[in-house]
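Engineer: The signal peptide annotation in TrEMBL covers 1-19. Under the heading domain 'Peptidase S53', TrEMBL lists 182-679. Here TrEMBL flags 265, 269, 589 as active site, charge relay system. If you look up TrEMBL, you'll see 634, 635, 657, 659 marked as Ca(2+) binding site.
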């Protein structure tokens, strides 16, 4: 009988061990290519996001504190309150930790947050634990190599119920792509089709009536979500000096600076916010390239800040498409769990809204074509920049391997292959054309695309015709993510002239085309209904109704100048020996931080009046359009039918009221300030909302027990060329983790 019981227990144990749930599967990807297995001792990091609690309560609270007229409008909560409300149960953490301690190696490293566990271990241990081989995957455009699972990733069914999503094992977004901003010397000879002038900070103040008065409350804060980029200290100092803005400390959260990091985007963001909102405490929030995307930035990197900035500007984005067939090298949510990822991001954005944080996101720089460029029939308005060798073409792009439109997408075969393709089509006078700023970006052909000679060349490079009407190449229009989230404010771009303002696009003088359109997935929030329905009823010529879903979230919400921003840069990071220079920059990645700085100025007025911060803006912005239209400068000319390379037959056009090109229009700052302050007149400032929050912790597990290390979370940059003091790491014992280890050892006996 005892033997029978033992056998039964063994069988039950085998059943328990073998019960697993597949969470994702990798084998083929539209862009990334699997290569050999990773070496077994290679370290790999992934993150387990545990299921939150009380999400229905959180969402209800979010809308209550964000909706003008509600009794709870403006009654924001602290981060501690929000995390206590939503954090996973202790049982969920314990279940995941038991599995990790049992299945992973003695080199396991865990970083435990309020709702996630970030795991680092050897490839061999991870592969065994998740039931899938770990391979090297290569991105053919960016030439980047990452380690991801090959095959089905599974976890024990007993812990699957505690897991919301996992990143770092089967997701393929790149960590360093951004909403593009174009930089060029001030003496650039680009030929524009419309008059435009510099968006110097003084011109921006003048046109939008932004005061130069410094903020005065120590509680007023703003931040830049920077991912892998960093700002240059000396150019920032020079930019502030040129504008006669007093220096102010910058708080660097997470990763700051690396040999391969870019700097132009962060230079733009930091200079714009710190000049237009003088003396506001500004945070620069960066993260390790290996895991930084929207969710990881919001849930892992941001909580390491001593306080949460009241305004966050995000100049990054990419396709919503789960797997863009075009081989996009921008962010994309490219795995079957992308809906889980988006939902998780929305939860983090709701948390921020409840905390009174305004999240501002650039709408994108490739028109309505943020995914598969160009995925539309070109209208043959050739070379919109001007300055090309030729003046017309019957075929501006063809397909090159992996369904990538070429030229203009960054994937280039050897020159010998290009020469052979051009030679085979000499009768059509096929040639690469472009400008000094955009060389080899367009094909010139006297034949239409169907008449060209295609084929496969040395190395497997295959050219073929691009069928713009085929559904195989994806949806006709895209909108940039995370700008399409219903919980952020999406900002488009305009071009200012001496007397007017029009949509920023290739054909109106910009080097980008402002992003706009409708989400593929996100339902339209009710705060947009009146504005979008007005456009549907009264708007001018629209694309075919089948090409977009008007029932979904529409962007942008508002727009600001996004052309010819003047910033200071340095190729060496230093301004000595005349190494700093001025650049002109285009992009919604300029208009987003500019709008963010306006909200910081308004927050300072609110705080100094004893009121709460503006928080999530959209319900108030759309209400203002109905009640006080003078808040906006309505943009009624131009459109975003161009991508970043070509102009197309289809797109969205600016018109009276809201439109998918410029949103509600640009901002009249004094009118918006007065409207927001009046709307929040019954709110009360609560200093407790801005108290420090406990830092994340890293728990290092060894065969002898557990040691808990509190991370160094931030440094203070005094903007005088040297780093300020930083908080030292401290070692503390953890009885909780000791108990977990002991319990796990008992379970193994």
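All positions are counted from 1 along the displayed chain.
Using the three backbone atoms N, Cα and C, a Cβ is placed for every residue, glycine included.
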Engineer: Sorry to bug you, but what's the C-alpha spacing from residue 589 (active site, charge relay system) to residue 634 (Ca(2+) binding site), rounded to the closest Å?
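Structural biologist: Here the two Cα atoms lie 21 Å apart.
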Engineer: For residue 634 (Ca(2+) binding site), what is the tally of other C-beta atoms lying within 10 angstroms of its C-beta?
Structural biologist: 17
Engineer: A 10 Å Cβ contact count, applied to the active-site residues 269, 589: which residue has the minimum?
Structural biologist: 269
Engineer: Give the distance between the Cα atoms of residue 589 (active site, charge relay system) and residue 269 (active site, charge relay system), rounded to the nearest whole Å.
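Structural biologist: Answer for this pair: 7 Å between alpha carbons.
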Engineer: Roughly how many Å separate the Cα of residue 269 (active site, charge relay system) from that of residue 635 (Ca(2+) binding site), to the nearest whole number?
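Structural biologist: Residue 635 (Ca(2+) binding site) has its Cα 24 Å from the Cα of residue 269 (active site, charge relay system).
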Engineer: Pop the Cα-Cα gap between residue 635 (Ca(2+) binding site) and residue 265 (active site, charge relay system) into the table, whole Å please.
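Structural biologist: Residue 635 (Ca(2+) binding site) has its Cα 26 Å from the Cα of residue 265 (active site, charge relay system).
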Engineer: Which chain-mates of residue 635 (Ca(2+) binding site) that are at least 6 residues away have a CB under 8 A from its CB, listed by sequence?
Structural biologist: 494, 501, 502, 503, 559, 654, 659, 661, 662, 665, 666
Engineer: Which one of these recorded positions has the most other Cβ atoms within 10 Å of its own Cβ: 265, 659?
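Structural biologist: Output for this query is 659.
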